[in-house]
Structures are given as C-alpha cells and as structure tokens.
Amino acid sequence: MRVAIIGAGVIGLSSALCIQEQFHGLVPSLELEVYADRFTPHTTSDGAAGLWQPYLSDHGNLQETLWNKETFDYLLGHMHSPASKEMGLFLISGYNLFTEPVPDPSWKNIVLGFRNLTPKELELFPGYSYGWFNTALMLEGRSYLPWLTNRLTQRGVKFFHKKVESFQELFSQGVDVVLNCSGMRAGDLQPDPELQPGRGQIIKVLAPWVKHFIITHNLKSGIYNSPYVIPGSEFTVLGGIYQHGNWSEENSAKDHKSVWDSCCRLLPALQEAKIVDEWSGLRPARPSVRLERESIRLGNRQAEVIHNYGHGGFGITIHWGCAMAAARLLGSILQEKKQLATPPGPRL
Amino acid sequence: MASPKVAVVGAGLIGLSTALCITETCPSCSVTVLSDQFSPNTTSDVAAGMLIPHTYPDTPIPRQKQWFKETFAYLLAISNSAEASEAGIHLVSGWQVFKSTPKEELPFWSDVVLGFRAMSEAELLKFPQHQFGQAFTTLKCDCPPYLLWLEKRLKAAGTQMYTRKVADLWELHSEYDAVVNCTGMGAHQLVGDKQLFPVRGQVLKVHAPWVKQFIRDGDGLTYIYPGIHRVTLGGTREKGSWSLCPDAGTTRDIFDRCCSLEPSLQGAQDIEVKVGLRPSRQCIRVQREVLSQGGVKLPVVHNYGHGAGGFSVHRGTASEAAHLVGECISALQGSSSRAKL
C-alpha cells in the first residue's frame, strides 16, 4: 500500500507523520513517500513567523475552529517534552490591537489567559483603543520542519526531490493513494479558482528585547494588512502585507518601507533593530480549507486523492487538526480497500 | 555657592540613578561619581533587574508603592522609546506561582504593573506542584546595558566618574560640599551600619532565547527571568553569607528547580554563574545627616539598603535622595549667606 504525499511544507510533513503514527502498526505493507520540489528552508512554512493564531472570525466554519483547537491542544501537550526546543515550540504572550471594539474571536477559550487590554496597556499603543492579551504558542517552521523530517526519515518514510506534474504520474508508478498537500501550487495539479495567493512580505530583524507578539488590525484593509511584530527564538519578524491575487515572490521596496515604517511607529525601539533578511511568500488562500477525498477514474482503477490544501495564513495554526482529519480519510480508504479490518484505534 | 560640588559614592544602580536625579533637579551642581567598582562588576550587574517589588518590613507601604510607581512610570517611558534597546529596558509577561494560596492574593503593587490578574485553571495546569498563581506584565532592566546607559547620560550632563575606594566619607569634606552614600553593601564598613546585612544570591545566566515569559515561585527562591540576550535563573537567599564564590552544588540545585518549572531549560547553553550580596535592611535608608569634626560640617545623604528590591524602587529612592541633596545645598547656601552678613 503506497501512499504518496505531495508537498513538504508543514501540511505535507505533518500529514505524513500523523498517518505514519496512526497506521504503521495496522498496515504492515504501508509505504509512505513524500514528493516535493521545495524542502525546508525553502517552503512557504519556513517564511511564516510561526505564531499560533487563527483569523479573527471563522465565518461560521466550526470545522476549522475545531482543527485549530486540536492543533493548539496537541502542541500544548508537547510543551513539557524535551523535544519542544528541537521542535521550535514555545509559549509566547502578546497583544492584538484594534481601533474599535470587536467581538471576541472563536479562539478565545483555546489560548491561555485571554482578556481585554486595560487602559494603561492601551496607552502603550497610541492610535489603538481596544485590544486583547493572551498567551499562545510559537512553532517555528525552520525548526519544526526539520524535526518532522527527522522523525519521518527515522520511520522509513522516503523523500523524493521532484516536481510532480500530475496525480496520474504517481498513480501510473503504482502509488495507491495521493495526499495533495501542495499548498499554493495545488492549481497546477488540478485547477481551483478558489485558491488564490495572499502575498506577504516580511522583514527579519535582530530585536531580542521584544518578548511579545503585537498584531494590529485594520478592519477595512483586512487581515495582515496592518503592522505586526512577532519575536522568534532568534529573529523578530516584522510584517503587515496581504495582497490577494499577487503571485510575485520578489521583495518590493514599497512593501519594505510600509512594513518598516509602520512597525517602527508601533514600537519605536525597533528603530535600533538590525535588519538581517527579507522574504516574500504566498499564503495559499481559499474561502475554506479543501480537506476532502476525491476518487479519480484511471482506466479500470479507482484512484484516491485526499486534498489537504488552502490553509491561507493559518497553516501552522491548523496543521495538526487537518493532519488528523486527513488520516481519518485515509482510514476510510484503507477500510474500503480491505486493508483495515476495523477503523483504527479510539476516535481520532 | 556658584556650583555646589556633590560626590556620589557608589556606581551601582543606586549610585548612578541618584547621581542622574541630582543632575536633573540641581543643574547648577557639579556631580562626581566615586566608586571602587563600575559596571560590569557591581552587585547590580548580577541581578536580573525585574520590577517585582520586595516588601520592606519597616517602611510604610504607601511610601514603597510611591517609589515603585515612580520607577515603573520612568522605565515604561524608556521602554516605549527608541532608546529602549540601548538602555536595556523591556516589557516581559509571565507568572508568579504559589504552592499554596498566599494570605495576600493582591500585593500592594498589583495595580502598578500591567494586566495583573489571577492565573486561570488552564494556565495552572502547566505547574502541577502549584495551586495558585498571578499573571502580569512588568519591566526588566538588563545590566550592564542599563548601568552603561546611565553612565552615558551622566557623562552628557557633565558628571565626572573616578575609580576610587573611599575608606571614610570624611576624606571627601575638603573637595565636596555634600556627599551621597550609595555604597550598598559597602555601607556596612563605610558608615558602620550594623542593621545592614548581606543576603547572598547565586544566579545562572544562560542562553535560552526561546524563553519569552518569566516564571517566579512566590517563595522568591526559584525564578526564570528572560533578558535581552540571556535568561537569569535563580536563586538563593542566604542571609548573613558574605561569600562571593559560586557554589557548584547550588548551581545544580538552581538548574534543577528551574527545569522543573520550565523543562525546556534542559536545552539551555553557555551557563554562567554569578554571585551577589543583596545589601539588605529592614527599611531602605534614605536620610540626611550632617557629619561634623572640629567645627567643620559635611552634609551626607544616605541611599542604601535596597536588598532584594533595588531595581523596583531605584528611581523613587533616587529622586527622594536628590531632593534631600537639594535641601542640603539650600541649607549650605543659607548658612553661607548668613556668614556674609
């Protein structure tokens, strides 16, 4: 039973790991293979700051809120393990700032210590009159992806550095199930007009005195189009760009200035921060995550694809919930193909 | 008296901040700092510099609160300015956890720090040995940066600084019109204050940049304070111990206690061990005195005995001491104009 995962970002690798953990004992013939043209540190996930935080509103998509919660709880459970440092996982507190009162987010009870900001705290951020404080998690892609890769390699998962041109390509080689975790480039494998780039540009600086994340919101300009500052274990990420439909992965001088000026206005101390890098990436944005099975007729065979893409700017936030959902879909497929006598284990 | 000459003895946090306050409140004064040690070799350099007040048994709470409020406001303004990184001042959030619920759930300073509240059940799950906790945001002054920043401000104000061991305050009477005693633990010998006693503290300064939150056990013995480049792990409170030698067994013990609060510290690197003697007293001595010998007088202002709470109240006591220096100078000017009559 060969299962091929397309994509080696956070979605592809975590899906692979989740599947490996769930099924390795139950399906002795299971062979997992990861195909990607980009590996860490060159994936979209590597550019993300790594802060666990969903968008402000789930637009009634309770499924995604549940997946976010499953991810947070899973990561929190790893906080006391010695692996947390290697995973790039740590607790961090911070601020969400608004120019007007807003309803509480869907994730207020998922994070720790969620509360409104006090007047004294708001004085620190002129121009903002409302906000939240909470403790969340950071999961840094540049540590988490290598950690996932090591775990997968140890468990015999094979990696192939190649750009897969079609699902058929893999099926004709004898792959039984394909997990499509191709993120921004899913459209190359199967057209999806709902999948659009949400271009972001970030500046990486050295500002080790910054211990909180600060995310501002401009309800008119939309998510991530307002300055944000996210301190990592080594660098601090300055951002605030979200350009829907822009496919450019080149850094723009105009965006640089916008990010730099707005972040320095937010945190004057940043003026002394040393810039070490700049990066542009494309958030694989979609009205909702595509996480579903698709049966493809190939001659006299029925080939199965599990799609798991379109996580926008919240891939790290939602990844494990989606990985488990993808694993459940694989479980159904395996059952149908009589590879599994009964569904695996307790309710996933 | 055109330019009163003031000597500040001591170049730790208290000496430098007091000297700076004097230059601000008495611009005509000529201020000189004299000390046998400067940063990075002062007691202040060992401390983490967290703004979490120590309660002095013999000082009225309102006075301690005023000192803390003034210090907090002063540092908050710096932390929010372009000078923050140079001055080493930054905000940090975290938790103070208690193995059993304390008698006083709301400390006197709870409305001075930011966002103070009790920890939620979910947050306490991270600390299975602890029943109760407080979450808040406060400030941290990293040393040496903060002391070096104070020295820079002093130099800009025309203050001279000299390495000199002052064995007796009286030796300064011919060169200076007033003396400020900010000698911390040194006051034990310098002015023979037997109410002053050392409380030895050993700390570890480690590289663990993923630690963004402080964690402090309410007993004051175990704490994790993330600074700009290093995390301070503590500690000990050994009353009466004068030893400045790091103890290996204590290092192991501090590390174990901190790892039980924050297991990821097992991965900490570059462990540096430091020892400081907290200059402890039942109350901080901020007081005017006039020394006299053979008809010659020397006004002295004392500002020492901050023990475990120096950073939290330093600006408040510095401005009080500077005010007392102002009174000394006025008294001298009053008597010198009387002398002219």
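Cβ atoms are placed via backbone N, Cα and C, with glycine included.
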- One of A:Val164, A:Val175, A:Val177, A:Val205 listed by TrEMBL as binding FAD at the site of A:Asp37, A:Arg38, A:Thr44, A:Ser45, A:Ala49, A:Gly50, A:Leu51, A:Gly312, A:Gly313, A:Phe314, A:Gly315, A:Ile316, A:Thr317: A:Val164
- To the nearest whole angstrom, what is the C-alpha distance linking A:Gly312 (FAD binding site) and A:Gln53 (D-dopa binding site)? 12
- Task: Starting from the Cβ centroid of A:Tyr228, A:Arg283, A:Gly313, the recorded D-serine site, name every other residue in that chain with its Cβ within 8 Å, sequence order please.
- Result: A:Ala48, A:Gly198, A:Gly200, A:Ile223, A:Tyr224, A:Gly239, A:Tyr242, A:Gly312, A:Phe314
- Note on the structure: Taking every pair from A:Tyr228, A:Arg283, A:Gly313, which the record gives as binding D-serine, the longest CA to CA distance in angstrom is 16
- Cβ contacts within 10 Å for A:Gly312 (FAD binding site), all chains included, total 22
- Can you tell me the three-state DSSP label for A:Arg283 (D-serine binding site)? strand
- Task: Tell me, in order along the sequence, which binding-site residues from A:Gln53, A:His217, A:Tyr228, A:Arg283 have their CA within 10 Å of A:Thr44 (FAD binding site).
- Result: A:Arg283
- For A:Ile316 (FAD binding site), the three-state DSSP class is helix
